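Asker: Starting off with a structure, shown below.
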Amino acid sequence: MATGEPPRALPPRGSPGDDRSAEATEAPSAAERPRPKDAKIAERQRVPRKMTVTRVMAMRTRDLTEKGFHTFQRAARADGAGESGLTALVYATMANFALDAAIAVALANTLFFASATAESKTKVALYLLITIAPFAVIAPLIGPLLDRLQRGRRLALSASFAIRVVFAILLIFNFDSWALYPLALCMMISSKSFAVLKSAVTPRVLPPGIDLVRTNSRLTVFGLVGGTLGAGAVAGAVAAVAGSVGALVFAALIAAAGAYLSLRIPSWVEVTEGEVPATLGYHSRSGTEVLDRGEKSAAKPSRRRQPLGRSVVTGLWGNSAIRVLTGFLTFYVAFVAKSTEHRPVQQAAMLGLVGAAAAIGNFAGNATGARLKLGRPSLIVVGCTAACTAVAVVAMLLDNLIGAAVAALVAACASALAKVSLDASIQDDLPPESIASGFGRSETVLQLSWVVGGAGGVLLPTVYWQGFAVVTAILVLGLAQTFVSYRGHSLLPGLGGNRPQHVKQEVPLPTGKQPQ
């Protein structure tokens, strides 16, 4: 050193001159502890000996993928969802969204849409006869059938996927034949059956701190992001490489995964003891005995009926009108695109524009609904129905693709908001023993309304203003019924708002016996 003194050595560990504490002496740091052999191997695998741009990119991609997966898991299990069983239902719901997206990609360039040309009206009629019409007959039967299904709902959810594995395989071998249509019908029925079953199961997996409105919004958002967008993009990539057959194989794999995920839903969703079925009709003045809430009755719960209250009926009418518009847009734009003389790329761009507008509207509606204070949900439904009616008029006047895209944006947003409001009404209006049945019945009505709109999208002329003129007329009628139901009246006896906000349970009496 400059002073000429020899350098002093560091004092030995534990000596009086050592400044480190006794705890640090006794417990070596994590860096000094001997690491397990597998940890060293993992570190050597993560950090390559020779760093290259490709290896660094691969490492970053793997790190981002792992972080994204862990973030997704935390979000899916947040607020006690993992313990309540909601996470398992989220995964199954994502599989259903993903399967629908994969099937849509697989059938995009087949006779399913090819029959929409202006010269193929007979094929369009046959398509409706084989697909839309039977589903319109079957849909009203799904709700009552599921009400009778007191056990095996997890198995029914799984079966709705398992049967679609078979249908996807059959589609692979019947891709260019008329068997495509009944198979597409079976796919549609299975998907809608899952939606109805999911609505009946959801109230049984609620975490303690989340209500049904937020739960349904969470299911929808996860389904759209992880299912429709994620799986739809993958299915599109697979179809670009391996064609529609490859997309169908991918769909079959998703269906198999969905069947497995449905069986992982907790067993307590099977407990249905004491449930009272919900009903749309209201006939308390004749042939029924009225029960106050909490009042005991000799009649079994399965024989009782819980009519829906005014707010729920208002929500159903408004949501049904909106679903007619969304179902119409789902098919109509595709058929209009195929009826034009544009190249396939331009036709796909037309569909992409409307699809993107609908996706943005759906996200916006669900995000708003999850944060909105729903003090008067039935009034929100009336407003959403009025907005859809107005935008249908605008689309009719514009008479072009931009009008259809704006209609898709508003309709998707209004549909999400109105559905959240309907969920809030069901949760507030019905007693706990009827909530699951109420959700199942409401979902059945909404799916049927969507099918009616889809039928219009196939049958109506492929001229924008003509198609939207018919839909506008339907929406005006739906808005009128929604408004008068909100005011406590009805255009249809027994099916409108001429009932209390909270209706008491009813017990049908034997023929000839008068209520006390």
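Cβ atoms are placed via backbone N, Cα and C, with glycine included.
Bear in mind that the values here come from a model prediction, so they are computed numbers and not experimental data.
TrEMBL feature annotations, pasted as is:
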REGION    1-46  region 'Disordered'
COMPBIAS  32-46  compositional bias 'Basic and acidic residues'
TRANSMEM  97-118  transmembrane segment
TRANSMEM  124-143  transmembrane segment
TRANSMEM  155-173  transmembrane segment
TRANSMEM  218-239  transmembrane segment
TRANSMEM  245-263  transmembrane segment
TRANSMEM  312-335  transmembrane segment
TRANSMEM  347-367  transmembrane segment
TRANSMEM  379-398  transmembrane segment
TRANSMEM  467-486  transmembrane segment
REGION    497-516  region 'Disordered'
Asker: Of the listed stretches 218-239, 312-335, 347-367, 467-486, which one has the most C-beta pairs under 8 A with the transmembrane segment (245-263)?
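Answerer: Most contacts with the transmembrane segment (245-263): 218-239.
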Asker: Can you tell me which recorded stretch out of 218-239, 312-335, 347-367 has the most Cβ pairs within less than 8 Å of the transmembrane segment (379-398)?
Answerer: 312-335
Asker: Three or more CB pairs closer than 8 Å, sequence separation of 6 or more: does that hold for the transmembrane segment (312-335) against the transmembrane segment (347-367)?
Answerer: yes
